[in-house]
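Listed features, source TrEMBL:
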DOMAIN    39-85  domain 'RING-type'
TRANSMEM  284-304  transmembrane segment
TRANSMEM  311-330  transmembrane segment
ACT_SITE  Asp405  active site
BINDING   Lys547, Asp571  Mn(2+) binding site
ACT_SITE  Asp792  active site
TRANSMEM  869-890  transmembrane segment
TRANSMEM  902-920  transmembrane segment
TRANSMEM  940-962  transmembrane segment
TRANSMEM  983-1008  transmembrane segment
TRANSMEM  1020-1040  transmembrane segment
Amino acid sequence: MDTKGRLVAGSHNRNEFVLINADEIARVTSVKELSGQICQICGDEIEISVNGEPFVACNECAFPVCRPCYEYERSEGNQACPQCKTRYKRIKGCPRVEGDEEEDGADDLENEFDIASQDRRDPHHIAAAMLSARLNISRGSQPYVSGVSTPAEFDAASIAAEIPLLTYGEEDAGISSDKHALIIPPFMSRGKRIHPMPVPEPSMTLPPRPMDPKKDLGVYGYGTVAWKERMEDWKKKQNEKLQVVKHEGYNGDEFDDPDLPVMDEGRQPLSRKLPIPSSKINPYRLIILLRLVVLALFFHYRILHPVNDAFFLWLLSVICEIWFAVSWILDQFPKWHPIERETYLDRLSLRYEKEGKPSELASVDIFVSTVDPMKEPPLITANTVLSILAVDYPVDKVACYVSDDGAAMLTFEALSETSEFARKWVPFCKKFSIEPRAPEWYFAQKVDYLREKVDPAFVRERRAMKREYEEFKVRINGLVSTAQKVPEEGWTMQDGTPWPGNNVRDHPGMIQVFLGHDGVRDIEGNELPRLIYVSREKRPGFDHHKKAGAMNSLVRVSAIISNAPFLLNVDCDHYINNSKALREAMCFMMDPISGKKICYVQFPQRFDGIDRHDRYSNRNVVFFDINMKGLDGIQGPIYVGTGCVFRRQALYGYDAPVKKKPPRRTCNCLPKWSCCCCCRSKKKNRKSKSSDKKKNNKEVTKQISALENIEEGIEGIDNEKSSLMPQIKFEKKFGQSPVFIASTLMEDGAVPKGATTASLLKEAIHVISCGYEDKSDWGKEVGWIYGSVTEDILTGFKMHCHGWRSVYCVPKRPAFKGSAPINLSDRLHQVLRWALGSVEIFLSRHCPIWYGYGCGLKPLERFSYIASVVYPLTSIPLLIYCTLPAVCLLTGKFIVPEISNYASLLFMSLFVVIAVTSILEMQWGGVGIHDWWRNEQFWVIGGVSSHLFALFQGLLKVLAGVNTNFTVTSKGGDDGEFSELYLFKWTSLLIPPMTLLIINIIGVIVGISDAISNGYESWGPLFGRLFFAIWVIVHLYPFLKGMMGKQDRLPTIIVEKIKKKVGEGVVFHDEKLSGNRIKSAAHLVEDEDILGRAIVALS
């Protein structure tokens, strides 16, 4: 779309529309069509006999093999057909080998025993030529010896130009290029043949093969009626199998059918599953079953042995333990069948990227969402955008959309600066293939130029680019310092036009195409991906649905502008760490065998800037490396909100394609009269149904006629969908935009042809208007689903209910990396938001406990979704269970009666199976014990604080209508590495864990004091209570460390009090301001003078 570099703003409801003037791959090409069949071993053309029939080596399956390969297989190979494994029979004209059957009657003895005749060459001479051919293949010299042709070393580049795209020996015009098979002969990769092949001179003629009238003609193979029938049956069977692969896809995991054609490199799957080795997974499953048995015995003992003198404490503990067991089952069984996956990027290139032709990889629209530039620094967003623009993918296939839901001019100006710097950064990244392609983290890497022997030219350009980036950072930080004080009259643009978003809650929709329009290229003259700024319209009185509403606006506006079939969404602080991440996703999405049923490809979240000990389990390794791999073996991982590639059609609420079932068995086994009776009754039912369908079709056709205006001149529309859904239903589902409705019918993407730029701009403004979603299915069945602040879980759940499956992709180099809040208070607020979203889903109609039955959701996948929404309920049993040790120590009572030998054995067995289960999980998941232990600790800390508050806030919101504000987690760096880890921010979330910690420490002190005063006998009963209390204290230890962590040799709480008394200047000393420690001016204090000194230090 060409907007001439102007910002487009407007409101559809107010009829406003304003333009504001603001300043390597296999070298295989299709050149010619080969005639005849191709040998599937060496790739040569199969010779034609005198009577015009091709040479046939195997009479059973007629697998195409040339005569030289046939003779070589009989003499040097396994003497069997590669297709059907049938032993080759001797064909007349070929020498006999050991094991051949005796032949009756006359035969060609000269050829059978290789007897030389007068008009043939000396056999010793030919043998020498053959030996010379072998040597020539290995040395690549003297292609002809003594007049006998021998194959020389083949030049792959020259031969590649003559090899066409083949599908079983011929080009099929009915098959699209992404379904074509690339049959690459073995000598293309090595430049050598598999075996030597003597090519006779034209003067050498072979004697005709006489036919013996006494012998069965079927013995001779080709030319007979029986052979032709077998050949036709085989071709028909192969074509049927090929049609399944081409059009319907293959839903299985492997090609188990031996009748399928032999798979070559270009036709092989683009990915494969890697099951966990049985030596690891089988013991794990046995321990799970054993743990269930131990749990049953444990609860049998606990329920039948109450504690009479502490009955209330005993009852509470048993209820809590039962809930823990239920939640463990919901979490455990989805991990029953974990898998890993492997992708083949070379096969993706072979299939979709051919030299001399445009790339056939699918287009991808990438969404970046941001709200408040003061909490989400523009420098971080700029790095994310730069990593997207420099991704290793065809530039005409990438479009980056940045959603500014705060309508901030700071974000707009920062994107303008980013687009200018991208003209230098993108060619530098692609020229030297650097990783990662976010400049902040790339230049933070330490490169040893001497050890790695880096090219001096690269060193010079890298240093020059680093200077350019430092200047770019100064400009961005200058914008941030300027934005600290908003003018009274509001912001104005360079041409004096008031900024349309001065009122954040009441402004028109805005669209600006920074890159991708005509005339904007990089410094080397190459095309750049599209970069588009979008800020949706906001008006008072409308529910804008926060992030989910912003993402749905991007879905619609991207469908108008670029309409890529696949979408990638990332948070503004998640940059692309692996430039081939899109190709990794396309290995699943574009696989013609299994890709059609995949709704999204989820990548794990990896983080930068986390302290080495990961005190608050920010990496969440247990979830991403254990739970998600388990879900991938069922129906796929859940959607986690970022780093996910979607299929656009799945977001539109369509059902997954269903594999056609084979026709039911007829009643051929019954007598004809009974069959006729059955058929008559069926025919009557069919007639009645068909008459009803005709009546309905008459009504539907009247409504379908209204779609003709939409479909005229638009290519690629899915006619099945358009014929099944009349215009009224389209508008009810997608809203009242004919251009957008037309784009939804184009399954393979692309923009409708014939539409003018002005009409597309008008429609783009229309679809981001605040009232567009009214009386439509947006947020209900289409797009990101509303009703929860964690729209990610709900959106993925709806897709799985439609029968789609998802895929978990874990490349060796992490695809995305982001920043996480390492401060305790920020981390607890982040977990609070997640838990609040789960409570909202639990109390809604979309709760997986009762929603989605009878659809495509698998039972174990439902277990995982139930676990993801009920885990906040665990906060109440967990809080009670962590309080019980202190109560027992203070009162002298306990929740377990006097322990017998059987009870001791039972408790020890339960402890052992829990430990062994965790160890085996860490083994097959590749998780370290340190990460596992941090996850266990924060499960307790978050459970008794964030999950508890989320439960009560969710109940108030749903039952009483009391809404809670969404707090954006602070992202980005600060003035020192990990200094934010020790920053103390008081919040009410700290009260429950602090209370638990204090009362358990007091209980331990009181219990030990009583044991000391009462004597030796009291230590035995005290041991169980102490163990219980110490278990709570150890799990809350990171919380205690966060409360008492030291900063500048003073406890955190004392530093916080000093800040309140003296001011912010105490912490930020002038001597601490240095360019290598300040990442963004947005994270300094709000004092303007200190900000100014920070920018000077950076420059």
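Any Cβ shown, glycine's included, is placed from N, Cα and C.
For Asp792 (active site), the same-chain residues 6+ apart in sequence whose C-beta sits under 8 angstroms from its C-beta are Ile638, Tyr639, Val640, Gly641.
By the Cβ criterion (distance under 8 Å, sequence gap of 6 or more), the transmembrane segment (902-920) is counted as touching the transmembrane segment (284-304), at least 3 such pairs being found.
Model confidence over the domain 'RING-type' (39-85) stands at 80, taken as the mean pLDDT rounded to a whole number.
Within the chain carrying the transmembrane segment (284-304), a Cβ under 8 angstroms from the stretch's Cβ atoms is held by residues 318, 321-322, 325, 332-333, 336, 902-903, 906-907, 909-910, 913-914, 916-917, 920-921, 924, all 6 or more beyond its ends. Asp571 (Mn(2+) binding site): 24 other CB atoms within 10 A of its CB, across all protein chains. Among the stretches 311-330, 940-962, 1020-1040, the one making the largest number of Cβ pairs under 8 Å with the transmembrane segment (869-890) is 940-962. Sequence-remote contacts of a segment are chain residues at least 6 beyond its ends whose Cβ falls under 8 Å from one of its Cβ atoms, and for the transmembrane segment (940-962) they are 616, 828-829, 831-836, 838-840, 842-844, 871-876, 878-879, 882, 988-993, 996, 1032, 1035-1036, 1038-1039.
Residue counts for the domain 'RING-type' (39-85) under DSSP, split into helix (H, G, I), strand (E, B) and coil, are 9 helix, 4 strand, 34 coil. Rounded to a whole value, the Cα-Cα separation of Asp405 (active site) and Lys547 (Mn(2+) binding site) is 8 Å.
Within the same chain, the residues at least 6 positions away from Lys547 (Mn(2+) binding site) whose Cβ sits under 8 Å from its Cβ are Ser369, Val371, Asp405, Trp784, Glu791, listed in sequence order. Over all protein chains present, the Cβ of Asp405 (active site) has 22 other Cβ atoms lying within 10 Å.
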